[in-house]
Amino acid sequence: MSEMSDPFDVRDSPRPTRRPTSGVAIVARMTSDAPFTAPVTTPDAGGGAPGHLPWPVPRRGDAPETEAPPARSEGLVDTFGRVARDLRISLTDHCNLRCTYCMPAEGLPWMARPQMLTDEELLRLVRVFGDLGIEQVRLTGGEPLLRKGLTDIVAGIAALPNRPRIAMTSNGIGLARRAADLADAGLDRVNISLDTIDRETFATLSRRDRFDDVVAGLAAAAEAGLAPVKVNAVAMRGVNDDGVADLLQWCLERGYELRFIEQMPLDAQHGWERAQMVTAGEIRARLEERFTLTPVPERGSAPAERFLVDGGPATVGIIASVTAPFCGACDRVRLTADGMVRNCLFARGEVDLRGPMREGASDRDLVRLIRGEMWRKAAGHGIGKPDFTQPTRPMSAIGG
């Protein structure tokens, strides 16, 4: 499949004005992310018992699965006391790159448009999540710029009574001509994926020759005021790991904030091997061959450990999702393009909101489903444990 075969175009269309209907209470339909039909049977599908975690959790959660979730006023709380404040929304699983650590070269089927949430459904859910205490919405993909009506979606979120901060993670292709309109619509900032500044290596990793488009997108984002402009990079052993210091230098010269991310077991091919992963420690060591890195002590719930570069003020971040998990401070919840709520990137279960909405569910019904899914959130992702199973959905179908 070529990159131009995506049935989504990038032209914006008017946002629907029809209001969603309210309906009768419905029964929660728990689904596995494999065939999306198997019931979730345990509250810890993503990891093991909290007493054996290598990272801290706020408190020990030992409520039985049958215990009711907390009251609405308490926000989206799980059994470990973590509160979700960051909603990650996948707008589409379609992408115009084929990065080796994410997708196969050919053959990955796309979701059909009827499977995906409509603009109206999506905005309704963002409003419901906002009432539950969500403070930031991040629009992801696939590639969110391929979602028809993106500018109207951003404007719709920005117009909500409890307006969240709005960010977007993108590969940057097409952003050069759209950054200003998105900023005017209410987008606050962007993260752009760029794994290397070597054109040939970029083409090898992404299987597309679109380096100039990504660079142009970064420049346009900065000019549009989508600051701080952040660059996300994955270091691949024997491919681009020897260029991490060059990439940092390039970002420093342009005022971009670089964040390296350990490769995670979320590829569609299920070919991830921990032994082949470039660790956070290795990335830091390579950077320190050229720069002086000083840890920034305050981190909060942010995934990246940040370092001042040569005394600052510029910083670089390293996200050690595998070797130093930050699950104990996780404040995220995810909504897939087809309307499934996931309480963890690595969860093996998810809850359908699209079906109930289309059958007339009320906002109260949706709140019950969302709360129930968050209440089942495991203590950690469990990578490295004997019983860890990689999610069937790849990253492109979950959202970063």
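Glycine is treated like the rest: Cβ placed from N, Cα and C.
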Of the candidates Arg138, Arg299, Arg364, Arg368, which one does TrEMBL list alongside Arg88, Thr169, Lys230, Arg332, Val333, Arg334 as binding GTP? Arg138
Tell me which of the binding-site residues Cys95, Cys102, Gly142, Cys327, Cys344 ends up closest to Arg334 (GTP binding site) in space, Cα to Cα. Cys344
In whole Å, how far is Gly142 (S-adenosyl-L-methionine binding site) from Thr169 (GTP binding site) when you measure between their Cα atoms? 10
Just checking, which of Cys102, Met264, Val333 (binding-site residues) has the fewest C-beta atoms within 10 Å of its C-beta? Met264
Could you check which of the binding-site residues (Cys102, Arg138, Gly142, Ser193, Lys230) sits closest to Cys327 ([4Fe-4S] cluster 2 binding site), going Cα to Cα? Arg138
Cys99 ([4Fe-4S] cluster 1 binding site) versus binding-site residues Ser193, Val333, Cys344 - nearest by Cα: Ser193
